[in-house]
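Per TrEMBL, the feature domain 'Ig-like' maps to 24-130, 134-229, 234-307. For 1-28, the entry in TrEMBL reads signal peptide. Among the features that TrEMBL reports, transmembrane segment is placed at 353-373.
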Amino acid sequence: MAITGSGSLAVSLSVFVISAAFLPKGAAETVTVEGQNLAADNVSVIEGETATISCRVKNNDDSVIQLLNPNRQTIYFKDVRPLKDSRFQLVNFSDNELRVSLSNVSLSDEGRYVCQLYTDPPQEAYADITVLVPPGSPIIESREDVVSEGNETELTCTAMGSKPAASIRWMKGEEELTGETTVEETYDRMFTVTSRVKFSVTKEDDGVPVDCIIDHPAVKDLLAQRHLEVLYKPEVKIVVTYPEGLTREGDNLDLSCIADGKPHPHQINWLRVDEDVPPHAVVTGSDLYIENLNKSYNGTYRCVASNAVGEAYDDYILYVYDAPTTIPTPTTNPVNTQDSRAGEGAPQKIDHAVIGGVVAVVMFAILCALIVLGRYFARHKGTYFTHEAKGADDAADADTAIINAEGGHNNTDEKKEYYI
């Protein structure tokens, strides 16, 4: 009997369908024949992309290779596609391999595909197709848009429509946060994941990014970000503009108050703790100016700044020193404190000590000079002689007395006188 090519195909298909009907549906093990091996690999594919199923045979003895879908319908019999689904395309057919691609994969394509080697008994290998559905763009929400320092804020991040369920991580700057996660499965085998995180904020958190990071096998680098907006009370600092050193009587004082906060301070006030500000003190904006200082102005001067969150202040302690009688020693300390106050009296005591020392040195020098002069004159004493006429009284006349006197040098007595 002559059979055409098409008739041969029909007979072969009929034989295959009848034999396949007697196979145990959903068998979990592969039946092997000695000397032949049939293998297939599981496939994971993202929805909308293309999956490839490969049925591989070692040592084939011309047995027929065929591929069945999860409903055990024939997709390919050898190199022929009986199933009317054009998304299946033959990639390779040989005695050792049947490779088929499935484009535009959807969730309905998920399941166990069967590679069958038509031997006696038939061999089967299974390729499980898992369809991955990436979540949509995550949505991050905050309980409040703006939060004051010291208060607690709550953020919520939602990843919808994924398969499998996504996981969510939180990062605040470089710090990882721990959130509470809930997973909800929808009717179409999809998952919605929601994560909530709570934490207290400080002023340092203002402008810091908080990231909701989505981890899923079908997508990478998926995150939502929100920057924190934190309100905080002012930070206040008093700066001495003038003078650069100690404040003395007659000097002028110029103080500047630097205040910053969020929102910006709307009010800055100067006051003197427990006393009134000097009547001629001038306040211009954030600056305080006092001229011609005297000791009655001593005290604590305070700059107070406030905004919608609260208020803060900084203090400056003023101590006015005596006007200098000598050229003062330069100082680099711009702030008047008790320590510098104690050091002010020291220069006056040093002046008296210097004067006394100088007087003592001068007196000691004079005394030493007198001693030296005395010793000098003591070593250089004076000597002189007096000659008296010996025998003048015995001379007969004056001429004889003179002659006796002139010739009597050897008979004269030596007289010595000392002087200082």
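First residue shown is number 1, and so on along the chain.
The backbone N, Cα and C atoms fix where each Cβ goes, glycine too.
Annotations in TrEMBL come from automatic prediction, not curation.
Broken down by DSSP into helix, strand and coil, the domain 'Ig-like' (24-130) contains 3 helix, 53 strand, 51 coil. The DSSP breakdown of the domain 'Ig-like' (134-229) into helical (H, G, I), extended (E, B) and coil residues amounts to 3 helix, 60 strand, 33 coil. Within the model, the domain 'Ig-like' (134-229) carries an average pLDDT of 95. Helix, strand and coil residue tallies for the domain 'Ig-like' (234-307), in that order: 3 helix, 42 strand, 29 coil [DSSP].
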